[in-house]
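Working notes for the structure below.
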Amino acid sequence: MAACTSSVAAILFTSCNPNPKPKFPHHSKPSSYPHLHLRRHNSFPVSATTAATGGALPETEEIDFDREKPREECGVVGILGHPDAAQLCSLALHALQHRGQEGAGIAASDLSSIRSATGLGLVSEVLGQSRSPLSLPGSAAIGHVRYSTAGAASALHNVQPFLASCRFGQLAVAHNGNLVNYPSLRASLEDQGSIFSTTSDTEAILHLIATSKSGPFLSRVAEACSAIRGAYSLLFLTVDKLLAVRDPYGFRPLVLGRLSRDNGAQPAVVFASETCALDLIGAKYEREVEPGEAVIVDARTLEISSACLMPSKPRKACVFELIYFALPQSIVFGRPVHEARHSFGATLAAESPAPGADVVIPVPDSGFFAALGFAKLSGLPFQQGLIRSHYVGRTFIQPSQEIRDLGVKLKLSPVRGILEGKSVVVVDDSIVRGTTSKKIVNLLRDAGAREVHMRIASPPIIGSCYYGVDTARPEELVSNRLDIEGVRKEIGADSLAFLSLDSLKGLLGDEAPTFCDACFTRDYPVHPGELVEAKSKEPLYIN
């Protein structure tokens, strides 16, 4: 599909039925309450710890190796046209677990009502055997995994999908992204009488739809999207329709696929944040949902229609999806992720070699393909000098410095036989605060490495992200505080080099201007003014 260029008004009179029937029964008398009601049909905390604290985390320090990395905030899945939609949705969410590990949920429609199940924790914990998706019948479902962007990190009421009972019917929504005008938008809605049940920016979208005076559901969504600014890939589920919407800049990915069925029935329609989710359930990737596009699927006929919900802007896809967020087997923004990372590493080796080095090792898992590219171009052997444990999860400890310093060993274990006496090139995807990089350097030296040369397969991060990624405050970003030599001294490496911004743009080719690189340049496509102030109030983590 070509990029959307029509206006909101145009899609209501050209792309859509000129005499559309309401998607929900309308009432001549407006509701007495200007707010919607968010329902939690099967919500549950998933651990005794969070249950005992009312969803709050205990007052101990969390060892979280991934806090050093920018965190992708959410992953979404939508399936329509399969009798086991909720079960397939649960499987697809497992493939997107890397995009959010604080909460998960599913909402499903059986053509008469929508039911949902949400909870804190991993998909396997929230949707395990005792809370099976079998309890959510229907041929349509949407699912969500999350970290927090706008909304308390581990608050059960912020876990999506949100399910609302509006005056025109039930509506569920799952959102990947972040609204930069959320503070003022919420204040305006509250001034008009809206009552919020969560601290998530996604709820503002529901309020905009619920209070819209437009008739057809698509026009309500169009009106809501015209009022929000920022990054959003959205899935809406009504009792009889599934709607996918992507913001006009295309910040966050959203793909469309088809799932064939053995009995010769019409293929089911699948939406997901990444193609790896399609692969896991056997769906075939067809295309991206275009920036500014709305794709509507009818649950009874499986008919697909598309509308340009708003004129698209110059695309600004998040480059960090290629660098770190997406799984290497995914295709994101039309590019195989593993190939992109391999090329980043090879170019890094060409512009910043490590003369005299003996071996190249990755920081697992995201540094793997960049390290392969670095090793291949430099002619050095590639080894797995660090082994990552995938079974530790989030660990809470008492805040003694001695124990904190051992925290990295819970996730990464050095292979002494590979490292001892060697000059080691260690390749990582990025450095944020620098705290984990420093611990890794010390870990390698303790394992006998003679020299440690750090190579980073992306440019220095100097700006916070406001488009759906949990990055540190600007004051916490080590490359924002120090030059490259200062960062090298901070982390204790013998040498340090980053992939240059010019090289990154060269590798992206003619599409380079279509990627958002604000974390490297502070050139923000959508001004994040309101969120800059909000982020400045977050606690600092500078070691």
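Using N, Cα and C of the backbone, Cβ positions are placed for all residues, glycine too.
Here the structure is a predicted model, which means the values were calculated and not measured.
The region 'Disordered' annotation in TrEMBL falls on one of the ranges 47-68, 245-266, namely 47-68. When the binding-site residues Asp428, Asp429 are scored by other C-beta atoms within 10 Å, Asp429 scores highest. Within 10 Å of the C-beta of Cys74 (active site, nucleophile) there are 26 other C-beta atoms, taking all protein chains into account.
In this structure, the CA atom of Cys465 ([4Fe-4S] cluster binding site) is 14 Å away from the CA atom of Cys74 (active site, nucleophile). Note on Cys318 ([4Fe-4S] cluster binding site): other Cβ atoms within 10 Å of its Cβ, all shown chains, come to 29. Across the fold, the C-alpha of Asp429 (Mg(2+) binding site) and the C-alpha of Cys519 ([4Fe-4S] cluster binding site) stand 14 Å from each other.
Geometry remark: Cys516 ([4Fe-4S] cluster binding site) versus Cys74 (active site, nucleophile), CA distance 18 Å.
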